[in-house]
Each structure stands twice: as C-alpha cells, then as structure tokens.
C-alpha cells in the first residue's frame with residue numbers, strides 16, 4: 001500500500017510574498033550563516049538516510065552549494081544501488097521525480113544515470129498512470145497532488161512529455177485534492193505554483209506549444225493559488241520554501257511589502273526556535289536549507305556555485321525525533337489500544353501496538369511502513385488506508401479532566417472545504 005499523502009509539519013516555516021528586488025529578505029543573512037550548522041549536520045546523519053530517500057538530502061546539498069564530495073558520492077551511490085534493486089513499479093511518481101531533480105541538479109555526472117535509465121520518460125509514464133487513475137476514481141490520483149505537482153515540475157524542467165490539457169484540467173485551485181485537514185494545503189499549493197510557473201515559462205519561451213487561453217488559464221491558477229496561500233495566514237510547512245522564487249516576483253503594495261518583511265524576520269527566529277526538534281530530521285533539514293540560502297527547485301537545471309559565504313559545519317550527534325501527527329479530519333473507524341495515566345510518544349505507542357499484536361494479531365493486527373518522516377500505519381485489523389477513497393490512519397490522543405489519557409489510531413478521511 002502506497003503512502004496516501006505526505007503528512008505535513010504544521011506551521012514551522014513562513015515565507016514572504018515580496019517583489020524580486022527585495023527577495024533577499026526571505027533569505028538568511030550572512031551574519032546568521034553559523035546557525036545553519038545544525039541543519040547541515042542533520043543531513044550528514046547517514047544512519048537515518050536509506051536508499052532512494054537520500055535524494056532529498058542530495059538535492060538540498062547541491063542546491064545550497066554545500067561542498068561535501070564524500071557525502072554526495074555516498075548518497076548518489078546509495079540511491080543508484082537502491083534503484084537497481086527495485087522494480088520501477090515500486091517507486092511512486094513523486095519519488096522518481098525527486099530522484100531526477102537530485103541527479104539533475106547542478107549538471108553533475110549523475111545526469112548520465114537519468115539518461116541511461118530513461119528516468120524522465122518513465123516519469124512521463126507514471127504521470128499518465130496518475131491521470132488514468134483520476135479518470136477512473138473520482139479525480140483521485142495514485143498518490144496525491146503534492147507528488148503530482150512534483151511530477152509536472154520535473155517533467156517541465158527536464159523537457160519530458162506532459163499534456164497541457166491535463167494541467168489546465170486537473171490543476172484548478174478549486175480541485176478537492178488541494179485540501180487537507182479541512183483546509184487548503186499550502187504545501188501542495190506552493191509546489192503547484194512552481195510547477196505551473198515552469199509550465200508558463202516554457203509556453204512563453206516557445207519550448208512547448210499551447211493556446212493563448214491555456215496560458216491565460218495557467219496564469220489565473222497561479223494567482224489563485226497564491227491568494228489561497230495568503231489567505232491561510234502565511235502559516236505553512238517545510239515544503240513551502242520552494243515557492244519563494246515565484247511568490248517573490250509578485251507586485252505588491254509598499255504596505256504589504258513592509259508587512260511581509262516583518263514576517264520574513266520572524267521566519268528565521270521561529271526556525272531557530274524549533275531547530276532543536278523537527279529540524280534534526282535529515283529530511284526536514286533538507287527541505288528548508290536551500291530556501292534559507294536563496295535557492296529553489298527552479299534553480300535545479302542551472303550550474304550553481306558555492307554560497308558567497310562558506311558555511312562551516314561541526315559534527316554533532318543528531319538524535320532521532322518522532323514524527324508529528326496531523327490534525328484530526330473526520331473519524332471513520334477508531335481502534336482504542338489502551339488507557340494510560342502518563343503521556344507517551346508515538347514511538348513508544350507503536351512498541352505497545354507491536355507487543356499487543358504478538359499477543360493477539362486478530363484484535364491488534366496492523367501493518368506499517370517506514371518513511372523518512374517516521375513510521376506510517378497502512379492498515380489496522382485488516383482495514384487499509386485507501387488512496388482512491390482518500391483515507392489514511394493517524395495517531396490520535398485525547399484526554400478528559402476526570403479520565404486518564406486515551407491513545408489510539410483512527411481511520412480519517414481527507415475532505416474538501
């Protein structure tokens with residue numbers, strides 16, 4: 001069972017919607033470069049990076065211009081070895097897109113792997129499979145719109161095949177797949193903004209042919225998505241950092257610029273406040289670092305150099321931290337495992353579930369898969385999360401004044417607003 005969606009980390013990054021000439025306010029100032037050591041050190045923790053999941057780390061290192069040849073070589077080899085062992089059908093479209101971005105970044109020799117294994121062509125086929133599934137299953141993709149946006153962005157950057165009509169049809173900002181936890185998903189919207197921006201540029205540059213109405217439609221989608229992101233009070237997850245380039249090019253009033261500059265300053269302060277927790281995860285550090293150095297995924301195909309100021313790093317231990325749980329959406333089916341008087345984290349809770357399963361697999365049976373963000377429950381008591389039905393299992397925790405804390409897992413459904 002494939003992961004139905006990437007669980008967001010709520011509210012850990014703000015970004016600024018300001019014109020291009022003032023974009024540097026979104027970026028960490030040179031005097032604060034020393035604070036990036038924690039993020040870079042987190043990405044050096046190879047024990048937490050397995051196989052293809054190293055693509056995020058490799059991409060981040062290259063976009064940020066971090067000079068660590070031995071780490072790049074190790075990550076590249078791990079990814080290639082993992083892919084050679086895998087059946088391509090076991091890769092989601094988004095995973096393949098991320099691998100292409102990582103290998104294609106900064107025009108390194110790894111680009112040969114993309115060509116030799118026809119990865120862009122295979123991504124095009126996977127994108128078609130996503131569209132086909134949407135046509136059959138009430139507009140639900142095999143994965144999610146976050147990955148679908150990565151697909152379009154990657155196909156656009158690497159001149160792959162995709163249909164403009166599919167883009168204009170399925171990337172309407174009012175599509176239900178842009179919603180998560182009862183709200184518009186700014187993470188997904190931000191990736192879509194970059195994907196649509198790349199497509200718009202390709203049309204303007206004559207790289208792909210499209211009708212004027214299609215170009216106008218895409219521009220309206222971009223503007224609508226940006227408006228929706230602004231309406232969510234600028235609170236976004238780690239992934240949203242890649243929308244910075246497009247959003248920084250918007251024409252806004254002086255009053256708005258001043259307000260956004262203030263928000264940008266809070267961005268870095270808030271980042272440092274949370275750095276002792278979630279940013280110690282390699283995947284989290286990888287997603288935020290390039291933006292803090294002024295880079296985005298739209299820079300992937302450029303030949304990038306090292307930052308103006310070298311970021312010296314120190315080796316320090318990076319402990320494993322549990323994944324944060326998303327907000328409750330709507331509960332379809334609930335399994336209550338136990339009642340306890342003290343608070344325990346999700347890792348301990350899963351250990352309890354494993355022990356219970358050994359005692360009675362009928363009542364407490366469950367399956368899970370490991371991801372860079374932590375364990376992901378795929379089924380409980382034979383009831384599976386289902387992409388086509390937009391359902392997934394999540395950890396729940398409730399406590400009443402007169403009762404001990406109750407912990408469990410529930411099958412929830414992603415809903416449109």
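Glycine is no exception: its Cβ is also placed from the backbone N, Cα and C atoms.
Summarising the annotation, Swiss-Prot assigns cyanocob(III)alamin binding site to 143, 144, 145, 146, 147, 187, 287, 376, 377, 393, 394, 395 and lists similarity to another entry as the type of evidence.
The disulfide bond annotation in Swiss-Prot covers 156-198. The Cβ neighbour count for residue 156 (disulfide bond), using a 10 Å radius over every protein chain in view, is 23.
As annotated by Swiss-Prot, region 'Globular N-terminal alpha domain' applies to 24-308.
Swiss-Prot lists 309-327 with the feature region 'Flexible linker'.
The annotation region 'Globular C-terminal beta domain' is assigned in Swiss-Prot to 328-417.
Swiss-Prot lists 1-25 with the feature signal peptide.
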Compute the average pLDDT of the predicted model within the region 'Globular C-terminal beta domain' (328-417).
62
Integer Å distance between the CA atoms belonging to residue 156 (disulfide bond) and residue 287 (cyanocob(III)alamin binding site):
21
May I ask for the distance between residue 145 (cyanocob(III)alamin binding site) and residue 198 (disulfide bond), taken between their Cα atoms and rounded to an integer number of Å?
16
Sorry to bug you, but what's the C-alpha spacing from residue 147 (cyanocob(III)alamin binding site) to residue 156 (disulfide bond), rounded to the closest Å?
14
Identify which of the recorded positions 198, 377 has its Cβ surrounded by the largest number of other Cβ atoms within 10 Å, counting every protein chain shown.
198
Just how many other Cβ atoms lie inside 10 Å of the Cβ on residue 143 (cyanocob(III)alamin binding site)?
24
